[in-house]
């Protein structure tokens, strides 16, 4: 069960930006004729939001074609039941079934593996950008409130989430990854800038940018969170590599996930708009983290980076566990190269990006597309036979933009959602 066509929807704006017109028309026809939203089956609120709603919204803003807008709004409506919790913090999984036909329609529940029925910071904290646009386009504030009071509109939904988060006590100023949608308090004290936490921080700075710098609450939450991260999680290895550790109830785990490598780009983007002393410090930090992530690629035989790498017992920026040696076409490292190129124009970022292009061609290209590999430390890697939809949405888009002129999706006019779907900043007239 569940929604189909993630790859088609995720790739729409990439096809459009790359001017692959035939493929774009084919994808658009699929959306018009075959994209069925009335499916029984469970879906992740977070993934549907960032991949499907993000992809449809971006393509609508790039092309002005109504079909993308109406599908985005229709899908957005289907996500609202997830917010019917005592706190308005949504649960992670929702059944999209058609009203009336499924006894389970609109039921939501938390991931079985998430700690004690809790909701995940990166999931409920990564709705704001899309829900603001849904609110604007539908004229219905329910979407924005979701990301901010229970049972109203998408605007009210996301504003409520923010309220809960500003109220709750933050250990050392940090945001743990698991929050109870029932009590509104943290379920355990695990903090990560990688998976489970990552895009919450990204959406704070991007909410501020997307509001044309009017959403000062988001900016303050970002600044305070980054200060706590700098103070407690940023470390330097014996070999001089800067990394962001994970925090488990006050004990540091000296590992960094590939997912955390987006943070170089995020910190650079935030630094652009900071006061001078802070700007310089944050640009340096962004460059150092990005360089560490580059090392995780350089130190592998394939020149692609592992899922996670560690800084302990003499090995640095390398995966030490078999279960962390895979690469599934993830975008976060090239995402940071793209931001650092645009914000510094240091040519090394293009060189590093080109290394990735060559490694992808050499090790990941297969007959029908591109595949992840199971071990980056062997030059005869075995393929996992999966082309993740984010490869087309993000990895290839960021690589393409790295080699484009800066005015192609200028950072002055667009903010990328966490799936690299561009959403217009609130001052544009929506022209690409």
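Note: Cβ is positioned from N, Cα and C throughout, glycine not excepted.
The annotation active site, proton donor is assigned in TrEMBL to 47 (among others). Under 8 Å, Cβ to Cβ, and six or more positions away along its own chain, residue 47 (active site, proton donor) finds no residue.
Marked as active site by TrEMBL: 198 (among others). Residue 198 (active site) counts 25 other C-beta atoms within 10 Å of its own C-beta, drawing on all protein chains shown.
Sequence-distant neighbours of residue 261 (disulfide bond) (same chain, six or more apart, CB under 8 Å from its CB) are 289, 290, 293, 296, 305, 332, 333, 335, 336, listed in sequence order. The disulfide bond annotation in TrEMBL covers 261-293.
Annotation comment: TrEMBL describes 307 (among others) as active site, proton donor.
Residues annotated as active site in TrEMBL: 332 (among others). A sphere of 10 angstroms centred on the C-beta of residue 332 (active site) encloses 26 other C-beta atoms.
Sequence annotations record features per position, and here TrEMBL assigns Ca(2+) binding site to 418. All protein chains included, residue 418 (Ca(2+) binding site) registers 25 other Cβ atoms within 10 Å of its own Cβ.
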Out of 293, 307, which of the recorded positions is least crowded by other Cβ atoms within 10 Å?
307
Residue 198 (active site) and residue 307 (active site, proton donor), Cα-Cα, nearest whole angstrom:
15
Cα-Cα distance linking residue 198 (active site) and residue 418 (Ca(2+) binding site), given in Å to the nearest integer:
9
